[in-house]
Each structure stands twice: as C-alpha cells, then as structure tokens.
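Below is one structure, written out as structure tokens, with a few remarks after it.
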Amino acid sequence: MLNKDLVDHDLSDEVCELLPASRHKTYVVKVGQVKIGGNNPIVVQSMALGVHIDSDNVKSSAKRYAKEIIELAHAGSELVRIALNSEEVARAVPYIVEEINKEGFDGKILVGCGQYELDKLVRNYPDNIKMLGKIRINPGNIGFGDKHDEKFERVIEYAITHDIPVRIGVNWGSLDKYLLQKLMDENSLSNNPKSSDVILRKALVMSALNSAQKAEEIGLSLDKIVISCKVSRVQDLISVYTALAKSSNYALHLGLTEAGTGNKGMISTTAGLTYLLQNGIGDTIRASLTQRPGEPRVNEVAVCQEILQSIGLRHFNPQVNSCPGCGRTNSDRFRILTEEVNDYIKIRMPTWKKKNPGVEHMNIAVMGCIVNGPGESKHANLGISLPGYGEKPISAVYKDGKYFKTLQGDNIFEEFKAIIDDYVKEHYT
C-alpha cells in the first residue's frame with residue numbers, strides 16, 4: 001500500500017538530486033603530466049603483463065615490453081604499472097621509456113611496482129629508476145623484522161631526493177604479519193573480541209596509514225603520497241576505503257587485488273568501485289582482471305572507462321544506448337545496427353578526438369520497436385527506432401529530441417552513419 005504521507009514528505013527535489021556525493025578532498029599528486037586527487041578527473045590505470053627480459057639482450061626485450069605498455073596507453077590507460085622485480089627490468093627501464101616517448105606518450109606514465117627487491121634496485125640503479133613517474137612500495141614485504149624500517153626509509157629517501165611520488169600499496173595477500181599478529185593478540189585478550197575479518201581490515205588500514213605517516217616523518221611531502229589497500233572481496237574493499245577516507249586526505253588508488261575472470265571479475269570490480277566513487281571516494285582506479293588466454297590486456301582499461309562513463313564521472317566515447325530486444329522486436333536488425341554503430345565509433349574516435357572535441361559526450365540510441373524507440377531516441381543526440389512486429393518497415397530518426405527523417409531499405413546503416421558524421425561535424429568543432 002502506498003504511504004501517501006511518506007511520499008509527500010520524501011519526494012522533494014532534494015531526493016531526486018543526482019549522485020555522486022561531493023568528492024572526498026585529497027591532496028593532488030602529480031605523476032608526470034597526470035594529476036591524481038583533488039578535483040582532478042579520476043585517473044585510469046592498468047598493469048602490463050610484461051615479458052621476460054633477456055639479460056644478454058635487454059634493449060630488444062625492452063622494446064617488446066614497451067609494445068604492450070603503448071597498447072595500454074593507446075587504449076586510454078593514463079598510468080601503466082610494471083613489475084620492478086629484477087635487475088634486468090631495472091636495466092630495461094631507459095629503453096622502455098625511450099620507446100614510449102617515441103610513440104608520443106610521456107615516459108612518466110610508468111609506475112614501478114617494487115616488492116622484496118625494491119631497496120636493492122633503487123640503490124644499484126638510481127639513474128634508471130628515477131625515470132619512472134611513480135614507485136609503489138608494499139609495506140608488507142619491503143623488508144622484515146629489523147630490516148623493515150631501514151629499507152623503507154632508504155626507498156623513501158630515494159623518492160625524496162629524486163622528487164618521485166610513492167604509492168604505499170598494502171595488500172591483504174602480503175600484509176605485514178607482525179602488525180597483524182599484534183592486533184590479533186590484542187583482540188584475543190579483549191573483553192569484546194571482534195571477528196578475524198574485522199581485525200584483518202583494521203590491520204590493512206593501519207599498515208597503510210602508519211606507513212604514510214612514517215614517510216611524512218622521513219620527509220616525503222603530502223603531495224607525493226598515494227595509498228591503497230587491496231583486497232579481493234567487494235564488501236571488504238568498501239569497508240577499508242571508507243575507513244581510509246574518514247581517517248586521512250591522502251590520494252586514494254582503488255581496485256580489487258584479484259577481481260577474477262570474465263563476468264565475475266568485471267561485475268565485482270564494477271560493484272566495489274561504483275559504490276566508492278558514487279560516495280566521492282577514489283582518485284585513480286584499476287580493474288585487476290584475469291584475462292583468458294588470447295584476450296587483450298586492454299580490456300581492463302575499457303572496464304574502468306565504462307565504469308566512469310556509466311556513472312557520469314568522465315566521458316571517453318559517444319554513448320550508445322540500445323534495447324535488449326523482446327517479443328515485439330522484429331529480426332536481428334537492431335542488434336546488428338547496434339554493433340555496426342559501436343564498431344564505427346571505435347574506428348572514427350582517433351580522428352574525432354583530434355578534430356571534434358566534446359564528441360565523447362554524444363549520446364546515440366538504437367531501439368528495436370515503437371514502444372520505447374521514439375521516447376528513448378528523444379533523450380539522445382541522435383536516435384533511430386527500427387520497426388518491430390506489425391509496424392511499417394521504416395526507421396524513424398530523431399535529432400536532439402525532434403523527428404528528423406525516416407530511413408528504409410537495405411542501406412539503413414550507411415545512411416545512419418552519414419547522419420552521425422554530419423552531426424559530429426555540426427556540433428563538435
């Protein structure tokens with residue numbers, strides 16, 4: 001039953017205001033030409049799968065490594081992380097940067113992800129590592145016991161000397177075991193002990209914040225610090241980042257540490273990141289997808305872009321809205337046309353981006369029958385309503401909410417493509 005009093009009270013203009021919430025205020029961190037945090041656009045990041053670096057032919061290996069990084073950059077990745085896991089990779093960095101620069105990108109898009117060997121590499125290859133735009137430190141394995149603080153301090157001092165931003169990246173798969181054990185012991189003695197999951201989340205947040213504070217004490221400025229706490233479960237991700245946002249103003253990198261493959265990976269990533277972004281939390285994101293053999297690594301970039309575009313935080317390509325089809329839709333023509341329009345946009349976008357700024361905000365509707373076709377088309381910049389069962393074999397086209405013309409015959413796509421081209425030329429110059 002409808003609660004009229006509640007409806008009258010709640011259905012105010014404020015209730016219908018658009019999300020997201022106001023952005024969580026964070027310090028701005030500049031990585032090359034990319035700005036993370038503050039009111040800057042959410043940054044899309046990826047990680048290269050990498051190649052084996054042949055110690056006897058580092059330059060040739062570096063070129064193959066750079067090829068993947070360049071593919072990710074062309075797909076829209078604004079930062080690309082590489083595993084800084086060997087002396088060979090450290091030696092390859094200048095050659096990788098050279099290839100990236102040749103392609104017209106800034107070599108500073110590279111983020112070096114160091115683990116156990118990071119302290120050694122920054123000492124042995126200081127001139128190479130400083131060519132990176134940012135380095136990532138994992139507090140859980142940069143060193144253990146008495147060596148932890150010593151190695152952490154050396155890396156931070158190196159970053160300060162060379163003016164390199166640092167991401168302090170905590171991961172629940174490699175969490176500082178001493179900190180975790182300490183919190184577990186304290187919890188076991190408590191009169192009101194919490195679950196182990198709560199203590200694990202607390203340890204993640206404390207590890208990140210304690211490490212960031214330690215970096216500040218050493219001398220790393222606030223505009224050089226990004227933090228992250230990676231987990232694999234969506235609810236843990238939301239809990240941990242909500243706590244980080246309440247506790248600090250460091251720039252935040254979002255993502256599940258291992259999202260998984262296929263639909264599961266994409267849905268988990270979307271669920272977690274969307275909630276946080278809608279609540280104003282997050283400055284840079286990555287979709288850590290397990291690609292099936294043969295799948296392009298650039299898929300993770302596309303997922304991040306789709307998340308940001310779907311919730312209105314950024315625009316990368318014209319949006320194509322299309323109906324799913326039902327018993328009213330006639331044949332596969334609207335599905336085929338949808339695919340053709342999407343493919344055409346992909347082909348044209350490199351040119352449009354250069355010549356037609358703003359085209360990424362364009363909205364196109366491809367609908368399959370008269371029920372929602374005209375109405376949905378009127379909400380788009382361009383819309384086409386194909387005929388369903390029992391309808392005349394014609395397709396109505398709408399421009400900026402008004403009827404424009406009717407198409408029919410076997411060349412609907414070619415004619416609609418021409419309409420798209422004309423619209424882009426007329427409105428985005």
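Positions of Cβ are set from backbone N, Cα and C atoms, glycine also.
The record from Swiss-Prot ties Cys323, Cys326, Glu376 to [4Fe-4S] cluster, and of the options Cys304, Cys369 it ties Cys369 to that site too. Within the same chain, residues at least 6 positions away in sequence whose Cβ sits under 8 Å from that of Cys326 ([4Fe-4S] cluster binding site) are Gly368, Cys369. In the three-state DSSP assignment, the secondary structure recorded for Glu376 ([4Fe-4S] cluster binding site) is helix. Non-local neighbourhood of Glu376 ([4Fe-4S] cluster binding site): Asn321, Cys323, Ala365, Met367, Gly383, Ser385, each in the same chain, at least six residues away, with C-beta under 8 Å from its C-beta.
Listed in chain order, the extra residues whose Cβ falls within 8 Å of the Cβ center of the [4Fe-4S] cluster site residues Cys323, Cys326, Cys369, Glu376 are Pro324, Gly325, Arg328, Thr329, Phe334, Met367, Gly368, Val371, Asn372, Gly373, Gly388.
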